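What follows is one structure encoded as structure tokens, with my remarks underneath.
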Amino acid sequence: YPHSLQFYLEPPTESISLVEFESFAIDRLKLLKVVENLGVSYVRTTDSYKTKLEAELRKLKFPYRALAEDDYEARRKDHISHFILRLAYCQSEDLRRWFLQQEMDLFRYRFKELTGSLMQKFLEHINLPFEAIGEDLKNELANELCASTPGFSMPKVKEQMFYKVGLADAVDLFRARRVFIKDGFAYVPFKEIDVIVLNNYRTKLSKALALTARSLPSIQSDERLQPLLSHLSHSYVGPDYSVQKNTGKISLEQIDALSVKSFPLCMRQLHRALRDSHHLRHGGRMQYGLFLKGIGLTLEQALEFWKKEFIRGKVDADKFDKGYAYSIRHSYGKEGKRTDYTPYSCMKIIMSNPPSQGDYHGCPFRHSDPELLKQKLQSYKIPPSGITQILELVKGMHYQLACQKYFELTHDVDDIGFSLNHPNQYFTESQKLLNGGRELKKEFSNSGNFQQKNNSQEGINSSSAPTSSNETADTELEGLEAYFTED
């Protein structure tokens, strides 16, 4: 690895263990999710953006200093992890678009951190045939270069290096009227060369993702890799909010009030639909039931909650006990294969099982019509300026960031200070904020047992466990969904 930066043109050829495979991939996914959040929360040229991203690169042991001589392991990890996620994120247009955008932003930051001499070496390394113009030609074109390049005075033109670049490579600069054109060539100042390099990188990575997608069938036949890759593309890399950490924290009487002030929009929507129609179809019951389990409902509370609501509709007590009760016990790991299911992460909700007509599950920012979403936000008294911000984020496909903005607006804070990845994380952070930094106080459960459990939200970090609990649950999920198919 002659450089800390690369175009990832050659795939790695060495053998690595499955544990290292998953660990590298999860670390890069964490990094790309930080890149996604910072890209919307901060202007990319600011010191805040650079400081936070460098800190993350250091923490996850990726290359961050171009001059580092002893970062072979970091460069190796960077190379291998990129190709693993390329395999995971080539599987659909949405995944490819997300991966491309985050990798572009990461590359832009790292390229801009290079010194002038290292940048020149890198351009030679990636074989971009950009020719620096001589002093004679620069003096001859000085007036035109000064007039055509925004922010350049004559002294600046004299000191700046210019490159003669084919017009096709400089089309973005040409479109923005930021470059001098002559005889089919653009004369690009050194400080703008990153635009050219990024376009080149985007083209190469976009083609590579398309080619990788074509080779997927051969990878999908590998029983070791396919579950890992599938899980990565739907992956959430944080605490799993399993019930053992939260049981006994709330009473059933609190749920209506909590749904208004501390539920994310997806769960607030499901709760309202359940109260209005006294029924949810299987996708909604799965998503909402596991969320309630995660915020602390015991099995006994869950059975009581769903039964009370369903018998207010068209389901009698006998039918509930024979059908629906089994599926609730199943989700708590008390039936079937005894899998203790964990609540759905944002990524899982966004990327799998989209709602159809009559369904209320899914992510409202991802799956709702923008006009209906706007009406819903208006009904929740979100100010017009806030609604505009949310809809802009939705338009840019930043669904989790739209949810973060919704959190900020409903809690009257300017910056929530964390990256939102999970509905139960939303609930926990909301409760901390509303209770002055404290967790929600534990309540007696309806069965009368006061349950003392560990409050800590520190889940097992996926990178230290080859198989995360979410992954295990995913492999078992089909069995559970079979019990929820009755409407």
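Even glycines carry a Cβ here, placed using N, Cα and C.
Any TrEMBL annotation is an automated prediction that lacks curation.
Summarising the annotation, TrEMBL assigns [4Fe-4S] cluster binding site to C266, C346, C363, C403. Taken from TrEMBL, the feature compositional bias 'Polar residues' covers 445-472. Under the heading compositional bias 'Acidic residues', TrEMBL lists 473-487. Here TrEMBL flags 257-427 as domain 'DNA primase large subunit C-terminal'. The region 'Disordered' annotation in TrEMBL covers 443-487.
Summary of the [4Fe-4S] cluster site environment: with the site residues C266, C346, C363, C403 set aside, the chain residues having Cβ atoms within 8 Å of the Cβ mean position are P264, L265, I349, I350, P364, F365, R366, Y399, Q400, P423. This prediction places the mean pLDDT of the domain 'DNA primase large subunit C-terminal' (257-427) at 92. Cβ neighbour count for C266 ([4Fe-4S] cluster binding site) (all protein chains, 10 Å cutoff from its Cβ): 27. Remark: of the binding-site residues C346, C363, the most isolated position is C346 (fewest other Cβ atoms within 10 Å of its Cβ).
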